[in-house]
Amino acid sequence: MARTKQTARKSTGAKVPRKHLSSKSSFPSKPVNEVLKKTHRFRPGTVALREIRRYQKSSDLLIKKLPFQRLVREIAQEFKTDLRFQAAAIEALQEATEAYLVGLFEDTNLCAIHAKRVTIMVKDIQLARRIRGERA
């Protein structure tokens, strides 16, 4: 197919209604019940269990590196300005942080199960921290 040069067309500024060449549409219309196709939905809890298995298999970090690094620098700024961090130091902090959070959520889940619930709540986290001796 040969390329052709496009020339500028003068615009009138007003919208002109388009002319319909044929009264019938080019594709056959479907009945109403075929048009609205239901999207597939998994049963409640299926996707959550799949995510649990996926994250338990993996060993990579779950918190994004740059936001965590910014948070560390922001907290360190309160104690001393112009601090520098090695990449390995921030990575070690992130490993320790994620290990702590995973352990806390495991204990929190046990507290929720003890209360005959499956949903964790703030009071479960508070109880887990209190039992650990982190909070008076």
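We number each residue from 1, going along the chain as drawn.
Including glycine, each Cβ sits where the backbone N, Cα and C put it.
The region 'Disordered' annotation in Swiss-Prot covers 1-30.
Under 8 Å, Cβ to Cβ, and six or more positions away along its own chain, Lys5 (N6,N6-dimethyllysine) finds no residue. Annotated N6,N6-dimethyllysine per Swiss-Prot: Lys5 (among others), in sequence order, evidence recorded as experimental evidence.
The DSSP secondary structure for Lys5 (N6,N6-dimethyllysine) is coil. Residues or ranges marked as N6-acetyllysine by Swiss-Prot on the basis of similarity to another entry: Lys5 (among others).
Counting only same-chain residues six or more apart in sequence, none has a Cβ lying under 8 angstroms from the Cβ of Lys10 (N6,N6,N6-trimethyllysine). In three-state terms derived from DSSP, Lys10 (N6,N6,N6-trimethyllysine) belongs to neither a helical nor a strand segment and is classed as coil. The N6,N6,N6-trimethyllysine annotation in Swiss-Prot covers Lys10 (among others).
Marked as N6-acetyllysine by Swiss-Prot on the basis of similarity to another entry: Lys10 (among others).
Annotation comment: Swiss-Prot describes Lys19 (among others) as N6-acetyllysine, evidence class similarity to another entry.
Under the heading N6-acetyllysine, Swiss-Prot lists Lys24 (among others), citing similarity to another entry as support.
The secondary structure of Lys37 (N6-acetyllysine), as reduced to three states from DSSP, is coil rather than helix or strand. Taking the Cβ of Lys37 (N6-acetyllysine) as reference, no residue of its chain lies under 8 Å away while being at least six apart in sequence. Per Swiss-Prot, N6-acetyllysine is recorded for Lys37 (among others).
According to Swiss-Prot, the N6,N6,N6-trimethyllysine annotation covers Lys37 (among others).
Annotation comment: Swiss-Prot describes Lys37 (among others) as N6,N6-dimethyllysine.
Swiss-Prot lists Lys57 (among others) with the feature N6-acetyllysine. On its own chain, Lys57 (N6-acetyllysine) has no residue at least 6 apart in sequence with a Cβ closer than 8 Å to its own Cβ.
Within the same chain, no residue at least 6 positions away from Lys80 (N6,N6-dimethyllysine) has a Cβ under 8 Å from its Cβ. For Lys80 (among others), the entry in Swiss-Prot reads N6,N6-dimethyllysine.
Positions annotated as N6,N6,N6-trimethyllysine by Swiss-Prot, on the basis of similarity to another entry: Lys80 (among others).
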